[in-house]
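J.: The structure's right below; bear with me while I get my questions together.
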Amino acid sequence: MGALARTDICIVGGGIVGTALAAALSTSAFASHLKVTLIEGGDLFALPDERTNYFSNRVSSVTPESAKLLKRIGAWDRIPEDRKKPFAQMKVWDALGNGKLAFNAPQTHAASCMGWIVENSWLRKSLTESLGSSVSVLNKSFVEDISSGEGSGLEWPILTLKDKSKIQARLLIGADGANSLVRKYANIKSSGWDYPQKAIVATLKVENVEGNNNDVAYQRFLPGGPIACLPLSANRSSLVWSTHPATAAKLSKLSTKDFASFVDIAFRNPVEDLKYLTGLIQEDGSLPSTVNLEEEAAWGRQRLVEANMNQIGAPPAHTTMPKISGVIETSRAGFPLRFYLSERYVSDKRAALIGDAAHTIHPLAGQGLNLGLLDVGTIAKVIEEGLQSGSDIGNIHTLQNYASERFAPNLGMMLAVDSIGKLFRAESDPIVWARSFGLNMGIPFQDSRTWP
Amino acid sequence: MNRVLLRFTLSHWQSTRSLTTAASSSINAEEVSKFAAASAEWWNPHGQFGMLHKMNPPRTKYIRDQVLKHLNPTLFPPSATPAHPFKGLRILDVGCGGGLLSESLARLGATVTGLDASPENTAMATYHVSLDPSLSPPPTFLAEPIEHHLQNTQQKYDVVTSLEVIEHVNNPATFLKHCLQSVKPGGVAVFSTINRTRTSWLLTILAAEHVLKWVPVGTHDHAKYITPEELEGFVKGSGENVQVVDVRGIAYRVLENRWEVLGSEADKKALGNSLGFGDLEMNYIVTVTKGME
Ligand SMILES: Cc1cc2nc3c(=O)[nH]c(=O)nc-3n(C[C@H](O)[C@H](O)[C@H](O)COP(=O)(O)OP(=O)(O)OC[C@H]3O[C@@H](n4cnc5c(N)ncnc54)[C@H](O)[C@@H]3O)c2cc1C
């Protein structure tokens, strides 16, 4: 066995959540003396593409509360203004019923915005730049094994990296995503399911945008899952389209141009048009030469507007859905969607789980990362308080304070998001009426955080 | 907010430390064997001392805040930082038991000496600090009563602590006097114990020992519980230039499963009277300062 390096806190996983925690600890007056080791299997320092008006396909909506945390850490101001697009409105509607909702940013909110859409790559870059000197980064290092320190004279967990070097840590943080190794080591069960859906993401070109230079987020609930269009700049938006895996496979094969038309149809046309046209997609992704997508789409839209007394499937009043005029080449990608919940967040093996390692949810409400950042804020606070009372911060009694603050709220959000997803997958009439009614009740939303 | 406060007293969990009594005369042999048996269990977070482990952080935080407020500024070493506010301070923890409080004070930067009359306890505490490489310097644990320590060493301390101990000694007045004699001029002492009330009898003797069987029957002797007035009397009668500057209740919030040091009487006045606020019915903690001359 080689020399055993020792550290106070070892964070496995340099995703946005793990990196945010490392940055938070290293900038805290009470915790910056702790040795923090951040281990990332991928490349933590991969640079974002900085070309103007070019956007990565992986983006997150960031709530004002998350932004506040990022600001405190020092990361938020490192993200250039043109890389964090504020949105002031969110318009949501049902493709099958006549339920619709428009949320506005609360007037009282200082930033007067509901949130920002930011590329994950920029979040990561700004966070790595905020890491203080107490953090040692082990980049492109994969943790292969974790064992309890029993028998080593010190009962702290021991991590073995791919290059066989070993690290022993007082406190082990699992920020290693949905398939967390730390969770396995801590013997924490995780249960849930894979949604019968896949998410397709892409960067869209948009025209005829609404509001102040495209500051509206749109989401339409289709029978196969929600489709969302999130603003990135005056003429770019980001797509997250959750749909049946079979449909996703077909859509992925379409040419970029046809795919853009399908996205446009998915937002603007009656559901039947989308079903019919999707059925026409051939094995190789082409469409029969007899089909003129433009004409089909125009005809369907006409129907939706003119012959639709009940406004079935139409967006909220005073909405001009921007025209999806194109899709950036190679920006299309697919992601599996899951609901997984760890039965505990902490264990007496000196381990705690944060972010997707603790909870994985459907992206329909854009909350996954935001929940992870709330975890970061809480566990950093719990560690600081532990230090101020002279506690052993790896001790279960310290960690328990984190779990008891975050478990219930996270679970509440997870269940809310899941039931919205389920509700909107239902196509039977009574449920469609019920959800239309629910949406139209105009439940007063105080704050973007209460969305969904 | 839920204001229902149910309290339990926990002095028994602390009791392993009981033996640090004042004069040899004050050492109670029966008590020694009673708690030494439990020492191996001391550090198990889920064991019978689990409640005490939970009580330790709010108590330590209280000590931290009181010392920062009341220690004479001339005693503050320049080496203190926000992360290590006690760096350079010398602290005596009387009745240290398995070393729970001593370790916490050491993590705040202090150089700690822990006293306990039970050699099993000090052995256990010494072993346990060796498990944490960051405790440097680690606390020193001595198996001797306070009066011997006073005689054997000329040392006086910036801070002296003795938590949940007084109710287990035979002669609390003498014990307190010895503790206060060990404090430097300008220094601070912190004591905690259980009040002698009907509530404390119900909860510590009837509930904890007989009904819930959290601790062995006979762990407590209700007659030995001390009221805040008695404690203040002992402090005044110690012959030292000392003064009680703060008294707070410690409550267990059942629903949240955590301990809390309550607001002071002054806070209580400022905030209005809400149920249980500043209540001294059960466990309470007291800060004493020593004058400079
Ligand atoms: C299509 C889609 C859209 C989304 N949109 C939003 C949104 O708008 N808003 C929002 O809040 N959330 C959104 N989410 C959710 C969000 O992306 C995740 O919740 C968030 O990225 C989780 O971050 P994390 O750091 O916890 O985990 P991850 O991002 O999964 O990071 C885990 C890291 O750990 C590393 N790792 C894993 N195992 C090891 C090991 N053994 N050794 C070393 N390193 C290891 C991995 O390389 C990875 O970098 C979306 C998700 C999807 C799929």
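Cβ from N, Cα, C; glycine included.
Found this in TrEMBL, in case it helps:
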BINDING   B:Arg59, B:Gly95, B:Asp116, B:Leu163  S-adenosyl-L-methionine binding site
BINDING   B:Glu164, B:Glu167, B:His168  Mg(2+) binding site
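What does the local environment look like for each feature on the list?
T.: A 10 Å cutoff on Cβ-Cβ distances gives B:Gly95 (S-adenosyl-L-methionine binding site) a total of 31 other Cβ atoms nearby, all chains included.
Of all Cβ atoms in the shown protein chains, 30 besides its own fall within 10 Å of the Cβ of B:His168 (Mg(2+) binding site).
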J.: Translate the DSSP assignment of B:His168 (Mg(2+) binding site) into the three-state scheme.
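T.: Reduced to three states, the DSSP call for B:His168 (Mg(2+) binding site) is helix.
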J.: Mind giving me a neighbour count for B:Leu163 (S-adenosyl-L-methionine binding site)? Other Cβ atoms within 10 Å of its Cβ, every protein chain shown.
T.: 29
J.: For B:Arg59 (S-adenosyl-L-methionine binding site), what residues in its own chain, 6 or more apart in sequence, show a Cβ-Cβ distance under 8 Å?
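T.: Listed in sequence order: B:Leu101, B:Leu163, B:Ser192, B:Ile250, B:Trp259, B:Val261, B:Ile285.
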J.: Could you state the CA-to-CA distance between B:Glu167 (Mg(2+) binding site) and B:Gly95 (S-adenosyl-L-methionine binding site) to the nearest Å?
T.: 12
J.: How many neighbouring Cβ atoms, not counting its own, are there within 10 Å of the Cβ of B:Asp116 (S-adenosyl-L-methionine binding site)?
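T.: Its Cβ has 34 other Cβ atoms within 10 Å.
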J.: Look up B:Arg59 (S-adenosyl-L-methionine binding site) in the DSSP assignment and report helix, strand or coil.
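T.: SS state of B:Arg59 (S-adenosyl-L-methionine binding site) = helix.
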J.: Just checking, which of B:Glu164, B:Glu167 (binding-site residues) has the fewest C-beta atoms within 10 Å of its C-beta?
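T.: Per-residue Cβ counts within 10 Å for the binding-site residues B:Glu164, B:Glu167 bottom out at B:Glu167.
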